[in-house]
Amino acid sequence: MENELVSKVKAPVPGNQTNTLNEAKCPVGAHTLAGARSNANWWPNQLNINILHQHSPLSDPMPEGFNYAEEFKTLDLDAVVKDLRHLMTDSQPWWPADYGHYGPFFIRMAWHSAGTYRIGDGRGGAGSGEQRFAPLNSWPDNGNLDKARRLLWPIKQKYGRKLSWADLMVLAGNVALESMGFKTFGFAGGREDVWEPSEDIYWGPEGKWLDDKRYSGERDLENPLGAVQMGLIYVNPEGPNGKPDPAAAAVDIRETFARMAMNDEETVALIAGGHTFGKTHGAGVPTEYVGPEPEGAGIEEQGLGWKNKLGHGHGYHTITSGLEGAWTTNPIKWDNGFFDNLFGYDWELTKSPAGANQWTPKNGAGKDTVPDAHDKTKRHAPFMATTDISLKVDPIYGPISKRFHEHPQEFADAFAKAWYKLTHRDMGPLPRYLGKLVPKEPQVWQDPVPAVDHELVNDSDVAALKAKLLASGLTVSQLVTTAWAAASSFRGSDKRGGANGARIRLTPQKDWEVNQPKELAKVLPVLEKIQHDFNAQGGKKKISLADLIILGGCAAVEEAAKKGGHSVKVPFTPGRTDASQEHTDVKSFSVMEPKADGFRNYHQKGQPRPAEEMLVDKAQLLRLTAPEMTALVGGLRVLGANYGHSKHGVFTSHPETLTNDFFVNLLDMNNRWQPSGADGVYEARDRQGDHVKWTATRVDLIFGSHSQLRAFAEVYACNDAKEKFVHDFVAAWTKVMNLDRYDLAKKKAAAN
């Protein structure tokens with residue numbers, strides 16, 4: 001897809017906006033001004049837990065109980081597609097369509113909505129309509145996509161809450177492809193809009209657009225980032241840092257697309273398929289003609305940016321990337337024109353009217369073969385970006401490109417599946433996919449699990465299985481740790497992981513260091529024996545290992561609460577199934593291996609971020625609130641869930657008993673804390689006798705150090721909070737155990 005890098009735009013510092021308001025302080029608004037110093041300004045090293053409080057119902061305009069999935073099911077999808085097809089050629093004078101067709105524009109919009117996804121932490125992607133908000137709406141690479149969304153507004157307005165912006169942007173890309181003769185693989189609805197920018201996504205360390213401080217060494221890109229520069233979706237089309245070196249650009253392409261979960265064939269298919277359509281825009285030098293991005297524009301622009309002073313400011317005079325030209329002879333039709341031109345000409349370096357580095361056929365070849373986008377009397381030669389030439393000269397991409405050129409149907413199939421993957425990668429498992437256009441064929445990247453094909457266990461079965469689990473010789477610690485390891489692999493970002501599928505018994509999860517493979521190898525056979533014995537009783541009733549792992553954890557929590565004097569029933573709902581190794585993409589799952597899990601007091605050495613920061617990041621991926629995170633850490637410590645049976649943070653003389661001892665002893669003023677000789681480890685000494693009472697990590701001590709977390713800890717340390725703590729822990733535990741149970745959400749919605 002066209003990468004509209006605004007390489008020549010004056011680079012504003014993110015956050016520096018034109019203040020069009022009267023700067024005289026109003027007595028009402030004086031304390032809400034953006035310029036006021038925040039706590040983060042005063043104490044930049046303070047742990048930020050705000051990411052655990054984002055997307056609150058208080059910022060959601062939808063009514064209480066609103067269920068987008070149910071609303072989408074009532075949508076007339078055929079009517080939406082019909083309206084989108086009409087829009088494709090309904091050129092508007094305020095933003096005329098290139099070649100009379102908006103298709104390429106909407107493909108770019110959908111691509112850039114989805115293309116922010118990165119596998120490192122699962123964040124980014126098209127799943128929540130974030131392109132509407134800062135910073136994405138003002139990224140240089142998203143130049144003029146504000147107009148694409150405004151073109152879609154009448155359709156969004158027509159269908160209202162039945163159709164989210166997130167779904168509409170992807171669907172518009174699909175319909176655009178279909179309207180130009182391409183057969184897509186499918187489309188799923190189900191992306192629910194957010195109503196504020198997500199604060200948990202780390203876009204990079206840079207303080208200005210198009211900077212690249214994210215690199216170290218020769219060209220080592222910081223994890224989990226995917227793009228090469230701040231404000232780009234993926235790579236610089238002119239080449240690394242604007243240097244027109246196709247071989248070097250191929251290195252960037254391979255790394256960036258791999259971090260978007262794409263292999264070499266998918267990468268070639270996506271670039272070539274996207275560049276079969278449309279053109280780039282560089283009618284003039286951006287710094288001379290183009291105004292501020294949407295977030296920096298004046299209030300009268302009403303959320304639009306990049307106002308262009310050249311000529312009409314649109315159409316023939318459009319300026320976006322600084323690159324100028326089309327790749328094919330028919331930019332609004334699916335064909336093999338991209339490869340025809342890539343291999344049909346020898347290419348030489350030239351400059352666009354804006355001064356950007358790009359390529360043109362040597363010796364004037366190809367002259368007048370490409371129509372002008374707005375003037376039928378004009379013709380042009382085709383163009384290629386440096387990153388397009390990479391697909392020809394790279395020793396891996398080159399043969400793939402040649403094969404696709406010689407086998408057009410193979411190319412079409414590859415692009416269809418790669419586009420589907422690109423636009424659906426962050427949607428999670430198939431139960432979240434909605435609508436009549438969903439393909440029946442599951443893809444391995446969707447982490448498929450088998451459908452339930454047996455009768456589920458009832459309450460009496462559950463009670464009997466709990467008794468067997470507790471009498472199996474496995475400890476409370478082992479049962480809790482195994483259930484947590486399985487369930488906490490979930491990522492709310494791209495909805496991957498979780499206990500369903502019991503992939504903790506498969507490669508690679510069974511070998512992850514954090515899961516203590518030797519210990520896991522002792523626990524799983526015991527659970528498998530209990531499962532086998534139950535399922536061998538005959539009849540249709542069975543239990544999966546995935547269900548049994550979670551049931552074991554629930555039984556252990558109940559037992560630990562009982563030992564602490566509290567009778568509690570931990571909710572358990574069967575219905576999980578066991579995935580196969582064949583349906584588990586090892587490479588894709590490998591990137592999910594935790595480098596830290598503060599809930600288990602695990603932190604790999606050499607991590608650039610402090611342990612407490614990684615705890616908050618983990619909690620956010622688990623969709624936990626700060627109080628839920630607090631309750632879980634305190635409970636898991638006394639239950640003995642620490643990695644390697646470490647005693648750090650186990651502030652109790654009654655291990656494997658669910659008590660509030662962690663909080664009581666952490667806040668005990670008879671203790672004084674000091675660093676120990678070990679890195680990242682602290683010790684509590686009695687103020688009177690000076691003997692060591694406890695040891696702790698930074699994750700443990702943050703609940704006494706951070707003022708807000710300490711406030712939560714104080715709640716649970718109070719004398720009247722013992723029962724409250726147990727119930728809060730059970731509620732948070734149950735939430736984590738069921739994070740991947742989208743089937744339960746569907747049943748709940750159907751019941752309502």
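Yeah, the Cβs are placed from backbone N, Cα and C, and that goes for glycine too.
The active site, proton acceptor annotation in Swiss-Prot covers H112. H112 (active site, proton acceptor) falls within a helical segment according to DSSP. All chains included, 27 other C-beta atoms sit within 10 angstroms of the C-beta of H112 (active site, proton acceptor).
Annotation comment: Swiss-Prot describes H275 as heme b binding site, evidence class sequence analysis.
Sequence annotations record features per position, and here Swiss-Prot assigns region 'Disordered' to 1-20.
For R108, the entry in Swiss-Prot reads site 'Transition state stabilizer', with the evidence type sequence analysis.
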Alpha-carbon distance [H275 (heme b binding site); H112 (active site, proton acceptor)] in Å: 14
C-alpha spacing of R108 (site 'Transition state stabilizer') relative to H275 (heme b binding site), in angstrom: 10
Cβ neighbour count within 10 Å of R108 (site 'Transition state stabilizer'): 28
